[in-house]
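**Student:** Annotations for this protein, taken from Swiss-Prot, read as follows:
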- 23, 80, 120, 454: (6S)-5-formyl-5,6,7,8-tetrahydrofolate binding site (BINDING)
- 216-377: domain 'TrmE-type G' (DOMAIN)
- 226, 245, 247, 250: K(+) binding site (BINDING)
- 226-231, 245-251, 270-273, 335-338, 358-360: GTP binding site (BINDING)
- 230, 251: Mg(2+) binding site (BINDING)
C-alpha cells in the first residue's frame, strides 16, 4: 500500500456528459499543474485555463482548482481539472498526465483511503462516501450524509470514551485493593457499566435501522404452482414484472424486483412453483428457488385459499416446512380472498404470521407491506439516523457480548482482572468501526469496493 506516489483518476462517471473531472492527489500535483496549465492556480480559487498537451497544443479548456495539503480532501496536494465530459478528451488528458514522472492511475477508493490514512476521515465516514453514492432512497441518502458528517462516529467515540473512563476505575480498584472505597463492590462501577450497556443497545438499535436502509430486506415468495406468487410480486412491485397465466409452472426461473416501503429497500424474489419437476429446465428453476429460500430474511409462503382451509403451515404442506431452515421467519399468505370470501387481515397461528389477501385485486397488499416493515423493526422517517454495514453490526454485537460477560464477572465474583479484559475487548471491537484497530488487509478490502475516482 504505497501513499508516496501521486495518483490520478477520473472523478466523474464514464461516458459522455457535460462535465468531466480528473482528480490528482500527491506531492507531484503542483508539477502536473505547471505541465498541463502552465501555472499553479491560486489555492482554492477557480481558474479558467487551457489544458495543454506535451507539444503545447490545447487538449481542452476548463476550470482548474488547486488545494494544497493538508487542507484538501485527501490531506495531500490535490489538483482538479474540470473539462468537457467527452470520453476521448478525458482519455487524452489522462494520458498526458500519466506521461509525467511519478504519476499512476489510482486504485478504486484510493482517494478516500488516503483521506483516512491522513486523518481527514475515520473509517465509518470513509465508508459513508460509498454508501452515499449507492443510496437507493432519499432516507438512505440523508442517513449516509449524517454518517459522512460523523454522526455514527460520534456515537462510537462516546462509547469508547465511556469505556476508557470505566477502565480507569477498574484498574484503580485492581492496583489499589486496600483503599478505603472498593469501587468493585460499592456499586459505582456496576452503575456506570449498566449505563454504557444501555447506550450501546441504543446505538445497536439505530445501527440495525441503518443497515436495513443500506442493504434492505430479502423476501422470497415460495409455494406450489399457481398459488399466485407472480401476482403477488406484481402487486408489491406495482407493475407487471412477471408473466401471470392459469398454466401451472409459468415461472421457471428466479425473478427479482427492488422496491421501497417508506424508505426501506425490499428485494422481492419470485420463484418457480415447488413440485416434482416435469423437465430439466423446471428442475433447475426449483433448485434455484430453494437456494434463494435458504438465503432469505423472510419467506412468504403462498397458499391458494381455494384449495385448503388449513392455516397451520405444517398442515398445509408438511414436506415444505420440514425442509425450511428452522430459524427462518415465514409469513403464510392465504391468497384469493376475493374468491373464498375470507376476511382480510393479519393473525398469528402457532407463532407464525398469517395474512389473508387477494393478489389479483390488490386487497390486503398494504397490510402486507406494513407487516414486512414491522417484522424487520423498521421505523420510517427516523431523524438523525446513520447508515451501518453488517461488519458494524457484528462489531457492536461483539462489544455487547463482552460487556455482558464483564458484568457477570463483576456481580458474581467482583473479578476485576476479568472485567478489565472484557472492557478492553469491547473497546477494541468498537474501535474497529472507526478504523483505529483495523488491519491493512481489512482496509484494502473496504476501499477496493469504492469508485475509482473516490
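Each residue's number is its place along the chain shown, starting with 1.
Glycine too: its Cβ is placed from the backbone N, Cα and C atoms.
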**Student:** If you compare CA-to-CA distances from residue 226 (K(+) binding site) to each of the binding-site residues 23, 80, 120, 336, which comes out shortest?
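**Tutor:** So, spelling it out, the nearest of the binding-site residues is 336.
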**Student:** Reduce the DSSP letter at residue 80 ((6S)-5-formyl-5,6,7,8-tetrahydrofolate binding site) to three states and note it down.
**Tutor:** strand
**Student:** Fewest other C-beta atoms within 10 angstroms of its own C-beta: which of the binding-site residues 23, 120, 229, 336 fits that?
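**Tutor:** Among the binding-site residues 23, 120, 229, 336, the lowest count of other Cβ atoms within 10 Å belongs to 120.
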**Student:** Cα of residue 336 (GTP binding site) to Cα of residue 230 (Mg(2+) binding site): how many Å, rounded?
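**Tutor:** It is 13 Å, counting Cα to Cα.
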**Student:** Give the three-state DSSP assignment (helix, strand or coil) for residue 23 ((6S)-5-formyl-5,6,7,8-tetrahydrofolate binding site).
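**Tutor:** In three-state terms, residue 23 ((6S)-5-formyl-5,6,7,8-tetrahydrofolate binding site) counts as strand.
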**Student:** Could you tell me the mean pLDDT the prediction assigns to the domain 'TrmE-type G' (216-377)?
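**Tutor:** Mean model confidence (pLDDT) across the domain 'TrmE-type G' (216-377) is 82.
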**Student:** So how many other Cβ atoms are close to residue 358 (GTP binding site), meaning within 10 Å of its Cβ?
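**Tutor:** There are 23 such Cβ atoms around residue 358 (GTP binding site).
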**Student:** Take the Cβ of residue 80 ((6S)-5-formyl-5,6,7,8-tetrahydrofolate binding site) and count every other Cβ within 10 Å, whichever protein chain it belongs to.
**Tutor:** 21
**Student:** Which one of the binding-site residues (226, 230) has its C-beta surrounded by the most other C-beta atoms within 10 angstroms?
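**Tutor:** When each Cβ's neighbours within 10 Å are tallied, 230 tops the list.
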**Student:** Residue 230 (Mg(2+) binding site): which of the binding-site residues 23, 80, 120, 358 have a C-alpha within 10 angstroms of it?
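**Tutor:** Cα within 10 Å of residue 230 (Mg(2+) binding site): none.
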**Student:** Using Cα coordinates, what distance in whole Å links residue 120 ((6S)-5-formyl-5,6,7,8-tetrahydrofolate binding site) and residue 229 (GTP binding site)?
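**Tutor:** Per the Cα atoms, residue 120 ((6S)-5-formyl-5,6,7,8-tetrahydrofolate binding site) and residue 229 (GTP binding site) stand 50 Å apart.
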